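Participant: Please see the structure below; I have some questions.
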Amino acid sequence: MTLGLMAGLLFTPLAWAVLTLLVDFRKGRVVTWLGMAVQMLVSLGLWAVVASDGGFLYLLGGWQAPLGIELRVDGLAVTFVLLTAVVAAACGWHASIYLDPDKAWHRYFWPLFWFLWAGLNAVWLGGDLFNLYVGLELISLAAVGLVALGGQADALRAAIRYLMAALLGSLAYLLGVALIYGQFGTLSLAGVTALLNSAEVPAGLSFALVLMLLGLALKTALFPMHGWLPPAHGIAKSPVSALLSALVVKASFYIAARLWLDLGGHLGSYALAQLIGALGGIAVIWGSWLAFRQVKLKQVVAYSSVAQIGYLFLLFPLTWGVSDAISLQAQQGITLQVISHALAKAAMFLSAGNLIMSVGSNRVDALAGVSRFLPFSLFSFGLAGVSLMGLPPTGGFAAKWLLLQASLASGQWWWLGVLLAGGLLSAAYVFRVYQASFIDDTDIDHFFHPSRSLEVIPMILALLSLGLGLMAEPVLSVMSLPFEAGRGQ
Amino acid sequence: MMRFLGVAIMVAICLAFAGGLALTVWQIAGTPAPVNLPHLLAENLDASGVDHPITAVLLNFRSYDTLLEIGVLVIAGIAGISMAKTTSLEDPDLRTSDSLLYALQRWFVPLMLVLAGYLLWAGSDRPGGAFQAGAVLAASGVMMRLGGIPMDFLRPGMLLRFGLALGFSVFLLVAVASALAGSAFLAYPEAFAKPLILIIEVVLTFSIAMVLLALFVSAPVNRTEEPEEGEAG
């Protein structure tokens, strides 16, 4: 049962990538619907298995680490696998209606979409440093291909910039991996952690950790390395932007977080943790301020991603040198932030796409009067905004509440200012969009009406992000399940 | 002044990076690794189905990495042809009519094909294999294209897409077949390991060459572009 589910999880996205490569957009759409249903069922099944029996190791090819590659299927990984299934299925469904099937290049959307999904699952489950690198490459290249898909010079420029940033980040990470391998002779993350715990820490390896974190921070668009993100996320088609902001940037952050939690205790330092946290804090303030100043609607949402990613990096100071209870609280807060931001940001980009489609312009001030014609999409946008601001009962609130408690309990009160200012500033840029849409004195009275399904999808995601605050307990309990290394196989 | 400061900062960053790297490498070189992976590999080589450690790692022990890497190549190919300008990637304008090239090609292309076949087979017991053979095959394709030999399969049609995906699909089918047979994903039955690896290597050679060649031929970029959402098209 478990083996079948694992095989299904690994096989489906890759197989569907090939299938959709062979057919055109319309047939690819039907094939994809089927694949999304399969992938959803498999992800749910795996989540249920882990929720009832605990996590396990999956040996690929039947070879044990360090010779082979092991997948670590624990509560956190399956939670993210399920999150990916929900968000990617929503974006895929939206794209199947939103993209114009008569444009020849859109046929390549589906294979890239499925490869992206496969890469994300590979990263959530990966327990091998080099395999994680391969997963990152899969994600980056598929994402760059999606940004560039059929675009004009601007889109190509943004895509190339994105590619360069992603490659530089990957190379820095890979150099760090090579140093770790040189020191320990193994690539298995669990193996390296065990060796660090048992023997005395070799001097100089902190450089390897710093290199890996630097590369991953660049790929996650941490301030001041965020310059590539807004052009790429802003110019891509809305379902693509949603995938990129909701899931792709989280993959590199997830690896950075796991490295930090496993190796940071030995190789990290207080100064490094505080520095990363400070950059995250500046990202929250500066990103929100820039989001407030943007002229184009999707740039507002893209800069809001820069800000929301900043919160994630508070994980580093809040888990370094604190008690296990506080560290767990911080980890739970960050996990909730990842999930709620993924749901809310996907909802926001998809509804922004609907709004742009409706008014025929991508400027914020062109939204005047749209509140009467497209209340449903505007409402989804606002609901997602409520979660970003961190108002109760949303997932964003639950996340920030946990982070607030962790900051106070660890005596790092200075992060409170970041949490409060970030909430207020996000309220400012969400209300600015609302203010523009409620202006009623324009003469424009013809709006294009997107189909009902296009409006339903962001609504579902926004409601999920709203309800996450209420369901936080069960979600967190699966995430923190004990991991039994002996089970499986 | 500002420019000088900028250069100075860049130099300082580069020096700090190089210094840190050199120091770390020096320290690593001084301490032996606690896990001896080459030794572990040599012990398990018999079970892998091939005699060369690199091929054993790439196609058996860490075959999952290789499977995903081939996926990366396919993505690169897809991204490349999605931007192709011409309906036929075989643009006559780009051909050269150099008689020297033409004469050379008659000698070189058959030789290179034989070389690719040799590299592929050599992979089982010495350095070689699908990646090297695929690169040589792609190089002979580039030469044929420059010399103006018509290659209709390079149209961005069914045949090209099928060729791009073939190696990856066969690899994936082997992976899932082993999972359906009751063991883990990508766990070859030991008796079939050698023939399975050989089949995978052959189709991979073909697809790797196809990806590289497609990237070379599809270099001109789409001119009928799509406007940004909300911009007048």
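Just so it is clear, glycine is given a Cβ too, placed from its N, Cα and C backbone atoms.
Automatic prediction, not curation, is the source of TrEMBL annotations.
Per TrEMBL, the features are:
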| type | residues | note |
| --- | --- | --- |
| TRANSMEM | A:6-23 | transmembrane segment |
| TRANSMEM | A:30-50 | transmembrane segment |
| TRANSMEM | A:76-96 | transmembrane segment |
| TRANSMEM | A:108-126 | transmembrane segment |
| DOMAIN | A:127-421 | domain 'NADH:quinone oxidoreductase/Mrp antiporter transmembrane' |
| TRANSMEM | A:132-150 | transmembrane segment |
| TRANSMEM | A:162-181 | transmembrane segment |
| TRANSMEM | A:201-222 | transmembrane segment |
| TRANSMEM | A:242-261 | transmembrane segment |
| TRANSMEM | A:267-289 | transmembrane segment |
| TRANSMEM | A:373-393 | transmembrane segment |
| TRANSMEM | A:413-434 | transmembrane segment |
| TRANSMEM | A:454-472 | transmembrane segment |
Participant: Between A:6-23, A:76-96, A:132-150, A:267-289, A:413-434, who has the most Cβ pairs under 8 Å to the transmembrane segment (A:30-50)?
Facilitator: A:76-96
Participant: With an 8 Å cut-off on Cβ pairs and a sequence gap of 6 or more, do the transmembrane segment (A:6-23) and the transmembrane segment (A:242-261) reach 3 or more such pairs?
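Facilitator: Touching, no - the transmembrane segment (A:6-23) and the transmembrane segment (A:242-261) miss the threshold of 3 or more Cβ pairs under 8 Å.
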Participant: Look over the recorded stretches A:76-96, A:108-126, A:242-261, A:267-289, A:413-434 and say which has the most C-beta pairs under 8 A to the transmembrane segment (A:454-472).
Facilitator: A:76-96
